[in-house]
Amino acid sequence: MKTILLAVAFLAGLCVVRAVDYNSSDVNQFTAQFSSINHIANDLETFTNQQLDKSFDFLLLAFTFDKYDLDRPGFEKLYRKLSDKAWEDTEKLVKYQSRRGLHVDLNGVQTGVLGQLNEGKVGGKTTLLDSNELSSLKVALGYEKILADESHRIHKKISHAHDKGAAYDPDVAHFLDEEIIEYQSGTIRKLTGYIHNLHSIIEESNTKDMGIHMFDEYLDKAE
């Protein structure tokens, strides 16, 4: 019985080998793609463009606090740092997808994360150039949470726990864990703390202006 099973397995192996002709002159069949990378190719491309959009959006937010009438070097430093990290993540994502044999179109996202933040919002749309200290932190937190939800969704889609092995790609999951997800959770926690601290400062009307100034100085040192 074991001999028969071994023979069947051997023949099956030959069929697999013959299915891919490694002596073929058609170079298009030789790619760096393997496992289930194609299962989330479009998702990774969209997420990459979202990170690229984030880089420019947060750079614009940084400029908002580097004006003659709103000079907040701490806030400017915070948002420039987030912008730089988004740019670095874009580069990492492009390089990773290239390593896995994918092509990436960097053409931005039409609706974008800001569009998602504005969905169903009452009292006007989110505009980065009109942000103040507290509202900018709320925008930043919302932005980070949307991208965090997206990275978790991709991770779940490629996880064997979700698709029962049909689309399992541990390499993608490991990349997201190490390069994206761990940073996102820390940033969300940090921004949440900033919002609550600044809100408490603003509630003290007699010392509000001085409190915001000191909070900005804290950001300048902490970031």
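Glycine too: its Cβ is placed from the backbone N, Cα and C atoms.
What TrEMBL says about a protein is an automatic prediction, not a curated fact.
Features as listed in TrEMBL:
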- 1-19: signal peptide (SIGNAL)
- 34-202: domain 'Ferritin-like diiron' (DOMAIN)
- Glu144, Gln184: Fe cation binding site (BINDING)
Once near-sequence residues are set aside, which residues in the chain of Glu144 (Fe cation binding site), 6 or more away, have Cβ atoms under 8 Å from its Cβ?
Gln184, Thr187, Ile188, Leu191
Can you work out the mean pLDDT of the predicted model over the domain 'Ferritin-like diiron' (34-202)?
88
